Amino acid sequence: MAVSFVTTSPEEEDKPKLGLGNIQTPLIFNPSMLNLQANIPNQFIWPDDEKPSINVLELDVPLIDLQNLLSDPSSTLDASRLISEACKKHGFFLVVNHGISEELISDAHEYTSRFFDMPLSEKQRVLRKSGESVGYASSFTGRFSTKLPWKETLSFRFCDDMSRSKSVQDYFCDALGHGFQPFGKVYQEYCEAMSSLSLKIMELLGLSLGVKRDYFREFFEENDSIMRLNYYPPCIKPDLTLGTGPHCDPTSLTILHQDHVNGLQVFVENQWRSIRPNPKAFVVNIGDTFMALSNDRYKSCLHRAVVNSESERKSLAFFLCPKKDRVVTPPRELLDSITSRRYPDFTWSMFLEFTQKHYRADMNTLQAFSDWLTKPI
């Protein structure tokens, strides 16, 4: 397969952030071929101030044991305190004894490997379309022309809604054929488990913020979420590129399961720290939408993924999102005469469209979106 390279004019590279533009001649991301070259294409090389630091210190994140948690008042109080401290500082914590079977997690990783092992032509049958958040993406080569991530992804929607009870299974069968029903069955079950887990976590977040225990659980009960399979191939020049660039998740809550390979890094106190893979734990982090719901009390923290020259890395990311027409506004308990509103009301559909059509997610996405909402017409 031939590899075509993108050339961008200085004018195109200087385009403002809120105009992503369309790339006419996208680069084909084929890592096995790119790794045969002496260097990686310029589109994958990040600026010096954003290049990765591979050997970084480990981040101390609290480990929350969910076993019998919500039925034990003392344990619940301790957990909510630890979560509050972490979410005010960097927004990351781990959960164990979460009730998700090891077999299901293993199957989800296995089918991730099977999908990304398929020929490119097969994966492109579900190619992500411009302006959409679902489908297969090959390093976002058709969306951006610079600072490309060294990864492939497959994203699909999960609707925790009785009227669309098999949305994931239907996606795989409709998009790829009935031969992919086993894929759909595994990821349908996995997403249902993630949705259930996220609602438990929402109870703890509510308690930690001093609002009614069921407030956030009820807010997200009929969620319209996103599941993403991430594949980071080995790279001959891992010191020049990133698997995922620095960003804050625009969604509400991310539940991540890593394989055994290091790669996740979080920016805390002006330095990058790593979160070591733990096969028995899920990494949980606050996203921009929940930061708005908490009226800025909890932080959506900058994070990224690095790659290496020896091992491929895979991860499973479930992004909890509210129903698309649900108005995101803080509960009254988080507002008073002293604490003013930090962000205007919005719906998830508005924010999602902003990130897909107008803005490349980074550490300022929520503020840029707020400015965009309130700018004079």
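Note that Cβ sites are derived from N, Cα and C of the backbone, with glycine treated the same way.
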Given that Swiss-Prot annotates His247, Asp249 as binding Fe cation, state which candidate in His178, His260, His303 belongs to that site as well. His303
Neighbour count (Cβ, 10 Å) for Asp249 (Fe cation binding site): 25
What are the non-local neighbours of His303 (Fe cation binding site), defined as same-chain residues 6+ apart in sequence with CB under 8 A from its CB? Phe92, Pro246, His247, Cys248, Leu264, Gln265, Val266, Phe267, Asn285
So among the recorded positions His247, Arg313, who's got the most Cβ atoms within 10 Å? Arg313
I'm checking region-level scores; what's the whole-number mean pLDDT for the domain 'Fe2OG dioxygenase' (222-322)? 97
Checked against DSSP, the composition of the domain 'Fe2OG dioxygenase' (222-322) is 6 helix, 44 strand, 51 coil
